[in-house]
């Protein structure tokens, strides 16, 4: 097995670049001081996230291909949540020098395959030595002349709805921690989210007033919309489906579990929402300052979702 | 002293965002799923670099302000080396939870002040917990309708010239390693590069055929131009100024020291280069495959500059 220390930095970068498929928006790919990415709108949506070994993934739970897909997905979902079309990723990779080349190549395959789901490409990156694996992924996107779908447009009278899975990744994480070997559906959901990328354009067409991807948990992310919009969001748990596979803690996973990267948004009350969207709450005037900033079944909800530094 | 673990992720992000000055190209800053950055050219130059504690900086040698400036500078220089104008940075920050808030704030001050030298702004980022400090900086830039200055345009007959310091950071690093307390000029140069950002627009106006920032050392980076352009670059050390402050190893530092982030480029032989540019070589037909891919004083030069994985 070839280790990356034998290839050297430039050898590794060349080898990885050769694996990347072409993408229409990547006008100039890896190999120069900077990449060049199409931004026909004249504005570019840009977001960056770090994934650190042992905190955001574990190499004994997830293979490199899934880690690559997850790292790409969480950034691509952020771009889609702005109502933009992903165009390119930049990938910074910190690796222990003993890492095998094949492991890194599979990681890149995962990044490239997840990009392909949205039409984006990997435009460039950086590889450095470190004591733990860290991925720093930046995603770029194009708005196509439309206004961004921010978190601040929710208005009293709107409904809160989501599209995509909730709680699956969180339930899978609990299983990994307990040493369980199934259900595979949940373990796989933790290894690799499957954001319904079409939800961005769909939400725009449906007249969404605010949109985000659920990365911190439905309560906490709805709280982000409430805070940015200066409104009160009321969630009715009777309207929240809890798939049986999530087990006895299903409702907690659905309300507070992050990392599935579905999409939640607010819509005018008469928006013709198709069955792909589930309405779980309403927007009212006023604000809630306690806890997550949302009201659940009539009471302000305590802290939930994820906060990387607090317990 | 407040530690970041007491503020929590969202508290820290909010506190950092509040310190960032506005920048004209940052249309939507931190706080949503993605930032929105002006890209009037319709294309965006994009580059990303990782800086890892203990490998790219040491907290006992450099304070947070200088680390911030360095992290910004090396990415801004990459954008300038494409002939683009920097517009925005995205900053991913991995921090041990015990890190003091004041330390992180000074790091952000350094990022913001370095950005201000180029007119760019900090548009967004991510903060996560980790066991070592890692900065993942992405820089974006706008070409203003011009073609990018890549590494592949050097032609036989061109001259090789550079603008900016060479060898200062490398000499400073040797001093830190030896435990020396001066000269301060060299220690400071290692803590914080000072790229002559105006060199990008100047090189374009002078008809540069290729341009890059010197991050791996003059020989190695000239080799990158030679390889990308399919030419032979010949450096004449008699034409390479070696400032006395660099000490007895001065020529080695100038030829192989990276991280000062000056700019090197190739120009037509009749380009009216002002004194800010120093001609140190010529471009000829043919290629050199050994070592760094350049010829120094008539002989192919062995490996030099930096390679993060090889010794």
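Glycine residues also receive a Cβ, built from the backbone N, Cα and C atoms like all the rest.
Since we're looking at a predicted model, the values are computed, not measured.
Pulled from TrEMBL, these are the features on record:
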- B:33, B:78, B:213: Mg(2+) 3 binding site (BINDING)
- B:33, B:47, B:78: Mg(2+) 4 binding site (BINDING)
- B:48, B:49, B:126: Mg(2+) 1 binding site (BINDING)
- B:49, B:78: Mg(2+) 2 binding site (BINDING)
- B:56, B:259, B:306: substrate binding site (BINDING)
- B:108, B:125, B:126, B:151, B:215: ATP binding site (BINDING)
- B:216: Mg(2+) 5 binding site (BINDING)
- B:31-141: domain 'PurM-like N-terminal' (DOMAIN)
- B:155-249: domain 'PurM-like C-terminal' (DOMAIN)
Query raised in the report: What binding-site residues from B:33, B:48, B:49, B:126, B:216 have a chain A Cβ less than 8 Å from their own Cβ?
Result: B:33, B:48, B:49, B:126
Report task. Could you say whether, by DSSP, residue B:108 (ATP binding site) belongs to a helix, a strand or a coil region? Result -> helix
Report summary line: Using DSSP three-state counts, the residues of the domain 'PurM-like N-terminal' (B:31-141) come to 34 helix, 46 strand, 31 coil
**Report entry** Cα-Cα distance linking residue B:216 (Mg(2+) 5 binding site) and residue B:49 (Mg(2+) 1 binding site), given in Å to the nearest integer
**Finding:** 13
Requested in this report: Find, for the listed binding-site residues B:33, B:216, the residue with the lowest Cβ contact count at a 10 Å cut-off, counting only other Cβ atoms.
Outcome: B:216
Report task. Calculate the distance in Å between the alpha carbons (Cα) of residue B:213 (Mg(2+) 3 binding site) and residue B:259 (substrate binding site), and round it to a whole number. Result -> 9
**Report entry** Cα proximity to residue B:56 (substrate binding site), best match among binding-site residues B:47, B:48, B:125
**Finding:** B:48
Requested in this report: Sequence order is fine: just name those binding-site residues in B:78, B:108, B:125, B:126, B:215, B:216 with a Cα within 10 angstroms of residue B:47 (Mg(2+) 4 binding site).
Outcome: B:78
**Report entry** Distance from residue B:216 (Mg(2+) 5 binding site) back to residue B:126 (Mg(2+) 1 binding site), taken between C-alpha atoms, in Å
**Finding:** 28
Query - Cβ-Cβ neighbours of residue B:215 (ATP binding site) (radius 10 Å) - result: 24
Requested in this report: Using residue B:151 (ATP binding site) as the reference point, find which of the binding-site residues B:33, B:48, B:216, B:259 has the shortest Cα-to-Cα distance to it.
Outcome: B:216
